[in-house]
Amino acid sequence: MSFLSSVLYTLSNINMIFYIVAFLFGGIPFGWLLVKVLYKVDIRDIGSKSIGATNVYRAVKEIDESKAKYLSILTIILDATKGLIVVLGAKLLGMSYETQWSIALLAILGHCYSPYLGFKGGKGVATAIGSVLLLIPVEGICGLIIWGIVGKVFKISSISSLIGVLGTIGLTFVLPYILPLPDCISIIKQINTHTPLVLIGLFIFYTHIPNIKRLFSGEENKVL
């Protein structure tokens, strides 16, 4: 297949178009934009250098402590919305569950490797939350609750995020077998495999490797 034929095929294939859109939309660096526009500061030069909510909080706290919490929450909402919107679009177009899960994964990859910031970005947690809420809402909401409880107890963002992710994945191995979940919100009924969710989990753990190292060395800062 020639290069031109490949391009034409891509432009005429709705799945391929959505894959590209998911990556590009997921790559919108809302945290970076908020801090850059409001305070003329590049959060990639501060703290963990991530563009996610935790580093937004850390960066803004040094400049305007009264706004730090609100901008951090806004960043979480916006980053989660990226994943939610692309999956919702796929659902409305009647795409297969396999495609929906692929789109969710690509939105997360886009956030972590933003094409607008030299393929650098955040840790992917908020975008993952938004991506899976429409696919596995029961486990997703339970994971959010776990995240909130662990955050309140330990007050360390990375611990709450990682345990929340583990909890969500673990529940997909349990809840579909003990609760009569509708086929449309059960990963087993959707695609008969946990593979995409496990890949998302592994990827989020990968982006948190520096945090995990700091946890073991006792150097991870409390933020929440």
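Easy rule for this one: first residue shown is 1, then count along the chain.
Backbone N, Cα and C atoms are what each Cβ position is placed from, and that goes for glycine too.
Remember, predicted model here, so these are calculated numbers, not experimental data.
Residues or ranges marked as transmembrane segment by Swiss-Prot: 14-34 (among others).
For 70-90 (among others), the entry in Swiss-Prot reads transmembrane segment. Outside the transmembrane segment (70-90) by six or more residues, the chain places 18, 21-22, 25-26, 28, 30-31, 34-35, 38, 52-54, 56-57, 60, 99-100, 103-104, 106-108, 110-111, 122, 126-135 with a CB less than 8 A from a CB of the stretch.
Under the heading transmembrane segment, Swiss-Prot lists 99-119 (among others). Outside the transmembrane segment (99-119), and at least 6 residues removed from its termini, the chain residues within Cβ reach (under 8 Å) are 15, 18-19, 22-29, 32, 44, 51, 79, 82-83, 86-87, 90-91, 126-128, 130-132, 135, 190-191, 196-197, 199-200, 203-204, 207.
Sequence annotations record features per position, and here Swiss-Prot assigns transmembrane segment to 129-149 (among others) based on sequence analysis.
Residues or ranges marked as transmembrane segment in Swiss-Prot: 162-182 (among others).
Same-chain residues lying 6+ beyond the ends of the transmembrane segment (185-205) with a Cβ under 8 Å from its Cβ atoms: 97-98, 101-102, 104-105, 108-109, 112, 123-125, 128, 131-132, 135-138, 161-162, 165-166, 168-169, 172-173, 176, 212. Look at Swiss-Prot and you will find 185-205 (among others) tagged as transmembrane segment.
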